[in-house]
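Some notes on the structure that comes next.
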């Protein structure tokens with residue numbers, strides 16, 4: 001029988017535990033973890049994500065600040081704002097919401113963030129730490145998926161994990177985290193030939209390509225664990241994943257829904273990494 005992974009319930013449980021840790025930090029060190037989220041422009045999806053992050057941060061007892069900037073801001077002005085938060089000891093996490101307007105180079109912006117405050121885990125220094133097995137800040141979605149797999153007692157050792165999507169945000173860091181758990185990893189992408197033949201070999205299938213209902217039951221072997229990272233809208237405006245949930249759930253042993261699966265865990269790991277950054281600031 002298929003079990004649905006309840007990412008929302010798990011996230012709530014972990015955030016409650018995190019709130020207790022924050023309270024202990026206040027009592028022991030007189031310190032409150034600080035997170036600033038910088039939003040450029042008025043992308044509706046980004047606005048929703050940012051509101052959810054701020055709401056969760058405040059609920060967990062964090063100092064939370066959201067900076068909303070015009071999409072006409074220059075690259076230099078944005079970097080200057082980031083530099084200010086790099087120097088501010090009351091903020092331990094800095095997140096610049098992507099995507100950015102076309103005239104701003106997102107690589108330059110990521111480089112401008114202090115790696116010790118880069119709670120998205122996108123700075124090249126943190127990427128290097130991840131691939132050398134000494135990770136400090138890890139991209140939040142892969143980190144959240146690993147937490148989910150652990151909570152649902154998915155043993156990864158020796159298992160074949162297939163990832164659809166090779167982005168720097170999900171696919172590539174996901175591969176490294178799975179390798180660290182001794183899984184055998186196949187990273188597929190838009191140029192992979194005979195994709196469904198590859199994915200049917202997967203004990204664990206992670207899908208992050210941004211195409212609604214792309215993965216159907218023919219991509220999945222019986223009893224596989226299926227993690228859907230996709231967030232898409234169908235023609236009626238309904239939120240759907242990259243996986244055709246109704247069809248694939250008939251074959252999977254474990255599957256994440258959309259919404260209520262990976263998304264809440266991404267925010268949870270963002271908060272956890274901000275907390276850890278704050279903790280390092282008083283224990284270094």
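Glycine residues also receive a Cβ, built from the backbone N, Cα and C atoms like all the rest.
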Out of 150, 190, which one does Swiss-Prot list together with 165, 166, 167 for NADP(+)?
190
In the structure shown, which of the binding-site residues 167, 190 has the fewest Cβ neighbours within 10 Å?
190
When neighbour density is defined as the number of other C-beta atoms within 10 angstroms of a residue's C-beta, which of the binding-site residues 165, 166 has the lowest density?
166
CB-centroid shell, 8 A cutoff, NADP(+) site 165, 166, 167, 190, site residues removed:
164, 170, 171, 188, 189, 208, 209
